[in-house]
C-alpha cells in the first residue's frame with residue numbers, strides 16, 4: 001500500500017511539474033508580447049516627437065508676451081484635470097428621432113424662437129434672450145442651449161420639454177466623474193454590498209457637492225475595509241475642486257481623489273483582439289502595425305499603419 005501511495009504521489013508531482021512548466025512558458029510568451037508592444041509604443045512616441053521640434057529662440061522671441069508656443073506645455077496643461085471639465089452650462093436637445101416632415105421645426109433658429117417665446121411669457125422676462133444656441137460639433141442631431149447660470153438652465157429645460165416637437169427630447173444633465181481611492185466601504189456600502197440609502201446626499205453635504213450617483217469599483221467580495229469608488233457630481237467646478245484639493249471626506253475620514261479613467265477591455269498581444277490574453281490565444285499571430293500575418297511588428301516593413309480590429 002505504501003508503494004502504491006508513493007507511486008501516486010510521484011505521478012501527481014509529475015503532473016504538477018508539467019502544468020507549472022506550461023504556465024511558465026505561457027507567461028514568458030505574454031511578457032515577450034508585452035515588451036514588443038512597449039517597443040512599438042516607444043517607436044510611435046519617438047516618431048511623433050520628431051514632428052514637434054523644440055522651439056528656437058527666434059520662435060519664442062516672435063511670440064507675443066502673453067502667448068505661449070504651441071508645443072510648450074504650461075503648468076495648467078500638465079494638470080490631471082480633464083479638459084472636458086468646463087464651467088459652461090447648457091441644455092441639450094436631441095432631434096435624432098424627429099420624423100422628416102417635422103425636421104424644419106427643430107432647426108437652431110426655430111428652437112431658439114420657440115424657447116424665447118415661452119420664457120418671455122413669464123412675469124419679468126419680457127426681454128429675455130438665449131445666451132447662445134448652437135449645434136453640437138460632434139453630433140448634428142443635437143442642439144445646445146447655452147445658459148448663464150443654474151437657475152436659467154433649469155428654466156430652459158422646463159420650457160424645452162414643453163415646447164419641442166414629437167420625437168425631440170431634452171437630455172439629462174451632464175455628470176462629471178471623480179475617482180476616490182482609499183474609501184472606507186462601511187460608510188458607502190451595506191452588508192450586502194449595495195450603496196447605503198442616503199449615502200449620496202450625506203457625502204454630498206459633507207463635501208459641499210451634489211452627487212448624482214456613485215459606484216464601488218473594488219471587489220466587494222474580498223472583505224477589505226478600504227477600496228476605490230467613483231462619484232458623479234453635477235458641476236464641473238465641483239469635480240475640478242475635488243481633484244485640486246486631492247481629498248474626499250467620508251464621515252470625517254479622508255480619502256484621495258484622482259481622475260477617473262474607464263477600464264479598457266483586455267487585449268491580446270498575439271491576435272490583437274479584445275476579451276482575452278495572449279497566453280490563452282489560439283488564433284493566428286498578427287502584426288500590430290500592419291495587421292498582416294507571418295511577422296511581428298518589429299520586423300514590419302509597412303509604411304502606413306493599419307488597425308487589426310477594423311482594418312482601417
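Yeah, the Cβs are placed from backbone N, Cα and C, and that goes for glycine too.
No curator has checked TrEMBL annotations; they are predicted automatically.
If you check TrEMBL, you get these features:
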COILED    6-37  coiled coil
REGION    45-82  region 'Disordered'
COMPBIAS  45-55  compositional bias 'Polar residues'
COMPBIAS  63-82  compositional bias 'Polar residues'
DOMAIN    267-283  domain 'CCHC-type'
DOMAIN    286-302  domain 'CCHC-type'
Tally of DSSP helical, extended and coil residues in the domain 'CCHC-type' (267-283): 3 helix, 2 strand, 12 coil
Predicted model, mean pLDDT over the domain 'CCHC-type' (267-283): 78
